[in-house]
Structures are given as C-alpha cells and as structure tokens.
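These come from TrEMBL:
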type	residues	note
COMPBIAS	919-930	compositional bias 'Basic and acidic residues'
DISULFID	Cys772-Cys826	disulfide bond
DOMAIN	481-823	domain 'Ionotropic glutamate receptor C-terminal'
REGION	905-930	region 'Disordered'
SIGNAL	1-22	signal peptide
TRANSMEM	600-620	transmembrane segment
TRANSMEM	662-686	transmembrane segment
TRANSMEM	840-863	transmembrane segment
Amino acid sequence: MVMGRTLFLLVFCLWIPLEVLGRKEPSSPTTVNSTVSSRPKVVKFGALFTVNSVIGRSALPAILAAVRDVNSIRTILPGIDLQVILHNTNCSEFLGTMEALQLMENDVVAIVGPLSSGIAHVISHVVNELHVPLLSFGATDPTLSSLQYPYFVRTTQNDHFQMFAVADFIDYYRWKEVIAIYVDNDNGRNGISVLGDALSKKRAKISYKAAFTPGATESDISDLLNEVNLMESRVYVLHVNPDSGLAVFSIAKRLRMMTSGYVWIATHWLPSVLDSFDTPDSDTMDLLQGVVAFRHHIPDTDLKRSLLSRLKSQRDRESVSFNSYAFYAYDSVWLAARALDAYLNEGGNISFSSDPKLHDTNGSLLQLSSLRTFDGGPEFLRTILGINFTGVSGQIEFDMDKNLVHPAYDILNIGGTGSRRIGYWSNHTGLSVIAPESLYEKKSSNTSLMSNQQVYSVIWPGETTTTPRGWVFPNNGRPLRIAVPNRVSYKDFVAKDKDPPGVHGYCIDVFEAAINLLSYPVPRQYMLYGNGKRNPDYNELVEQVAQNNFDAVVGDVAIVTNRTRIVDFTQPFMPSGLVVVVPVVEQKSSPWSFLEPFTTQMWCVTGAFFLFVGTVVWILEHRLNPEFRGSPRKQLITVFWFSFSTMFFSHRENTVSGLGRLVLIIWLFVVLIINSSYTASLTSILTVQQLSSQIDGIDSLISSTQPIGIQDGSFARKYLIDELNIAESRIVTLKTMEEYVDALQRGPKGGGVMAIVDELPYIEVLMSSTNCKFRNVGQEFTKSGWGFAFQRDSPLAIDLSTAILQLSENGDLQKIHDKWLSKEECTTVANSNKLALTSFWGLFLICGIACAIALIVFFIRVYCQYNKFSAEPGKIDEEIQPVKSRRPSRTSSLKNLIEFVDKRESEIKGKNKKRRHSQNFDEHSVTSPS
C-alpha cells in the first residue's frame, strides 16, 4: 500500500510539468486576459524553500531583511513596493512542486529558491514555460547549469567547483583512491559524478560509491559504513544533506571509524550546520574531531558584518547564528531588485498573459488556467544575467555558463571546540593560504599560482599530525596475490622451493627486506606463474596484473615502456640493460707482437717524423753548437743518433739555440704520448684474452647476417625485431644456460649463434659460471632496471620504492646481492684494433707547424746576416759586368751562401767586428793629416 502511494506521488509529481510542456503549440499563439503595467506600484516575487531546515532558518530572516532594505532605499525601484510571497516546501519534492504551482498563480516576476536540487529540476520546467526566472541560493547540483534550464539562475556556488576543490586537496596529499558516501538524490549523484571526473584528471579515482536513500535509517547507514570499512581506501568524501549528515558521523564514531588512519572530507553541508549554532555542543564536536570540511568563502567586509549584526539583533531571543546561505539569499533578493529596476528603466513592462495551452480538461481541479506567462521574462532574464554588483557574499556576476565568477571555498579543520581555517581554494589560485580576493588583484598567471599549492598542517582523526597513508589492506581476509615467474634458468634470481608453493632467490629476499621496512603488515601469498618447462612470457605476466588476476609481480621483471603503460613499477632494485655476449679465446703471443700496437701507416709516419725533427734540430743547432759540427759523416751519424735517441729521452747532445729547444720540447711531448700509448697497447695484447669473433658491439651485430641468441620469455626478442629491425629469422630462442654455452661454442658454422643479446645481470652470472669463457662487448645499448610491478595507482608501489631506497642507502641491498650473486669477476676483453694515425695526427700537426715556424725564422735571420756581411764597395763593380758573366756570378753567390751558412756564427760575428774596425780606421786616416 505504501509503495503504491509513493509511486502515485512520483508519477503525479512528474505529470504536472510534462502536461505543461507536452501541449501542442498552436500555429498562431494568441494572448488573452493580458494585464499591463508600465510602472506598477507593487511588484511581487516568490520565496520557495523549506523554512524549518538548517539552510531555511538562516535564509528566511536574510530574505526579509533584504526586502526591507530594498524598500527603504529609494534609489532602487523608486515608488515601487517590493513584496515577497513565501511558500514552504516542507522537505518534500512533491509538495515543493505543488507549492511552486500555487506561487505562480500570484503573478510573481521571479522566485528566490528552492533549496532542493530535486525540486529545482522539476519546477525549472514550469518556469521555462511561464518565463519566470528562478534564483536559487541553495540548489548546487552541477547539472542545473545545463542549457535545458535557461530560466534557472544559481546565486550560490556550483558544486562543480567544490568537487574540483576536493580533488585538489586529495591530490595535494597524494591519495589515489577515495570512497564517496552520499545521499542518492540528484544533488548527491551528480556532485559525486563531477568528483570522479575531477579525480581522474589527477590520476586518482573513486574506488567505491556508497549511496544511501534520503530517508535511510541508522541501521541502513551502519550497514553501509561497515561495508566500506572492509575496503582498502581510508579516505572518505561525505556529500549529504545538512539535516542528516551528523548521523553519519555518529555511527562512524560508534564503529571506530573516526580514529587514527582515517580521513574524512565533508562538503559545504557540514560548515552550514556548524555555522547555524552560536556554540556547537560538546557532543557534536566530539563526533567531528579531525574532519576536513569545505565552506563557501564569504569575504570579510563591512557589508557582511553590518548584515550579521542586524540579523542577530532581530533574532537574538532564539540565539540563531547564520551560515553562508543567508548571504546568498540576501544577495538573491538584491539581484532581483536591481535587475527589475534596470529592466523598468529600459522601458520594460510588467505584464502577464494567459496561455491557451494551459487549460483544465475533464473537470481537472489543478486550475492550470490560472497560471500566466510573464511577457517580459526573456528580457528580464537577460538583464539578471548582465547585472554586476558587490554583495555581502562577494562579487555578483555571471559567466557564460551562468555561474558566479570567482568561486572560492574555505578549507576548515575541525578540532577541539571549533574549527580553524587551514587554507583556501579558488578556481584562480587552487590551494592557498592567502585569501582569494587578495590574489585576484595580482598579475601572476593562473599557471604560476596553481603550481604553488599549499595549506597549513592538519590535525587528523586520532589527534595526529602525521598525514594518514589513506589506505590499508582490505579487511576481508584476502592477502595480496603476488605472481612469481616459475623460471627454468638463472634460478639464483627467483625459483620455487622444493616444497611448493614456497619461493626463494635474490628478488624474493629484496622484496621481503623492503616489506619489513614498512610500518604496516602486508598479508601476501606467492603464486607461481609458468609451467616450469620454459620461462614464462614476462609481457603476459605483467598483463595478468593489469587484468586484476594478480595484485603484483615479484621477480626479475625489466621496466620497459610497454609495461609501464599498464602497471606501476617500484624504484629499480637491480640495474639492467641489454648487452652483446661473444666467446673469447686465449691467443698465443707472436714473435712480432711488438709491431701490433701501431698500424703500418702509423709506424711510417712516426719514423719519418723522428728523422724530420732530427734534421730540423741539426739545422737550428749547426751554426751555434759544436756538438752538431764536424765531418759530413759525423754530422749524418749525429742526426740519426739524436733523432732516435729522443724516443728514450737519452740524447747526449745539448741544444743551445732558443728555436732548437722549442722544437725539442714539443717533440719530446709527442714522443711521451706515443710511448705511453704503445706501452699500454702492447701490454693489453700480451696479457688480455682476445675475441674469437669480429663482433665488437651491437652495431656490428646488426650489420652482420649471423644468428643471434636470446633468452626465452625475454623482451629482447621484441626489441631486436621492432626497434633494431633485425630479421626474425636470425633470432634463436635459448631456454637454459647450458643452451647458451653450447650455442656460443658451436658458432654459426656449427649450428649455433654468433652472439647472444640478454640483460646484464644474466650475462654476469653466465660469465662467472663459465670461468669467463664468454664476455660482453661494447656498451649497454638499453638502460633500464628490474622492479616490482603493481596494479595502476597502487599505493604499495610508492611505499616499497621508498623502502628500496632505504635498503640501498643502508647497504642491505648490496649484502643481499653478495649473498646470491657474488661470483668471480672477469677481466676486460681486448679487441684487435690497432692504434692508427687518426688518433695522433693532431700531435704530429702541432709538431710539424712548430718545426716549420722555427725553420722560417732561422732562414730569415741567416739571410739578413748574409746580406749584411756581403755588402762591400767592390760589389757595385760586379753588378755592371756583361750579361754573359752573370750566371757564373749566381753560382758563385749560391756557393758563397752555403759556405756562409756552414760557418760558425761566432766566426761571422768576428769578421763583422774586424770589418767595422777597419772601416773606422780608414775613415780616420783620410780625415787626419799625414
């Protein structure tokens, strides 16, 4: 019987607007019973909300005060008496709809209200038909801003912004999963839907939506809270009605859900309740210790303080305080008054017309014909949306989506006997500890302000200042499902015990050590993955985690790009990367090994420079240094001896000329570099093992056509084919270490492989286990590491990453490595590359330039001395000789020049001195008497 009545009421409630909107519009609409008033003496507007409610008790005195203020100020609506007609919805959507229809019969130009988003949805269809603007100061449902409701004007903040504020707060503390607890009505559902969208932009999510009916009993709420308490997330967002929200906290406290580790975030309903009390009682405050709540931000202005003072003086006997909705209700009346004043000043008329579409049929008692359309409704609506003034709630101005500009919220932390503000949020600044109105005036960009998110410290439930982790392992008896690869090779890393399902190995010990560092227990169960006959495909194993078949993978799992797209990895606990492995052999030393360090070209150029530098030094020292003089045979021997003795820095001849010393210093530096390089290369050739193949790295391996071995199940196969474009026919899959050894030893000619490409940790084990018969060549051509894989956004991945870093810093990670993997280290492998001229041509170039400069300076100096020495008086007579005698003269001059160069410089200087003395004596004899 009760269900039948409820169904009838719902159908009847929805039937009214559907009948209004469903009438067929006539081809030429007519207007009857039209009433027109150019400047009426009385203008009526409606007020529609639940009076006896948390919001209604604050809103009613504010509306009445606003009407008195408008009527007392003659600059707004002069000569017009503004009257309000109040209808009480009594917390019922059905009664609210009926009250709205009755209100419309009074020819109101606007309606202030309702509080309920459900009622707003229904009567918005009615006001759309009657062209009466609906100014709601309490309906915060985001979907009411849609184009479907053009006459709905929200004069409070849209819950769209509040949910983004909550999402920013959650992201600030890096929580990735929350549980939404809400009333299952239009406001609750649509608000939580926006919260889910906002969290998704932060890479977070609502893990569970816990909804209860508007009239839910304490038993129903208790069952719901018990259900969410068994889940993983401990961050709860409570989005309910002000009149029933405290019951949720009362039950939560009884269930011990208000203790340490829990996070409760309440939307604006909670501050609305607390602000409605002068002094909340201690029992109420005990329920809310540690809760974080969001409250509409109302700037602290003189207008606000003046209004509060007047409201409290009127209602002081009832000791009622006022929440933010009182200010929005007050500004709603002023918005209607200012818009109406502007509308009338622009020539608008207050007129209503009967619509023939609205008529009663079949003896209906609904009296639809009494509903009349506001003729100036469209123009009046445009005027409302264009109004801009500063009210007690802040700036009253609408954006393109009909939302108030500058949405902002106070973030409150409830504790003790009250609450404290820990920050603000606005769509311009994000989280901040500075009031939004002061930041609006700054010229900083939105991006720069958003990047500086901060709030003050919070005292969480349980009176702790430590930020809660935000999650626990579900209290439903299911441990963490950890997949472990069932390997058939390299079992030092991970392998199953003889008594399954136990596992052991390096990776397992690292994971267990990291788990032990966590501040909370982690129930876990290891589950082998693979048939034990071959290594499992690691890409498929990671996909099993992404598909929720496992919670994590613990093992030698490489962190590669395609895997990070579907799962989250911890901090790498083992560095890794692909390397190339080839066989090595001991080569016997050749009798001519001493020639191998240099190429033939390098030997020839080096020998030529020894002779060239020796010749240059001889030329520069010959005229000054007696050690570089003598018979031609002696001088030739000196040149050869000096040239090659510099190789061992054992030359006996001293250099006395500045140019000679310069050349010798540069040449000795070149010789030092050549000697060092030769010694190092020869030592390597004589003492280090040599490669038995021509592969010296990944580049030479790609250019060859020989087969390449890879480990079964490794990502190397996909990488070589997709990234390096190696033909799939060249890839040979090897399952065990024994197959590695056999394939490398047989080589391509024996049906084996030229080289193996695998991850470095495996190769290190291979080399140490085979007494260094195989070595990696070249550098690692990929850089990655091994990590533990978890489902996306798993908080355990973050905590384990921190634990792995702690293991690395305190040395425990190295101890575990030494326990399982400390083996013999192999010496470096040498290749057959000889030192070529390309490595030294810069040195030879510098030395050659120095020699050339020294020779040029030397010959210029000698030529100047020769010209000065040969300038005699008889030289003029030689120049006037016949042409036929010039050739013998040139030959004689060249001979004289060579003889001059061969002479010692001290001898030349002596002759010049004697000649100057003789000239001075002759000049003295001519001028003096005989």
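For all residues, glycine too, the Cβ spot is worked out from N, Cα and C.
Curation does not apply to TrEMBL; its annotations are automatic.
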Report, as numbers and ranges, every residue of the chain located at least six residues beyond the transmembrane segment (600-620) whose Cβ falls under 8 Å of a Cβ in that stretch; write 'none' if there are none.
628, 635, 638-640, 642-644, 646-647, 655, 657, 659-660, 663-664, 667, 670, 674, 834-837, 840, 844, 847-848, 851, 854-855, 858
For Cys826 (disulfide bond), write down the residues of its own chain that are at least 6 apart in sequence and whose Cβ falls under 8 Å from its Cβ; none is a fine answer.
Met767, Ser768, Cys772, Arg775
Could you tell me the mean pLDDT the prediction assigns to the domain 'Ionotropic glutamate receptor C-terminal' (481-823)?
85
Could you tally the C-beta atoms, other than its own, that fall within 10 angstroms of the C-beta of Cys772 (disulfide bond)?
16
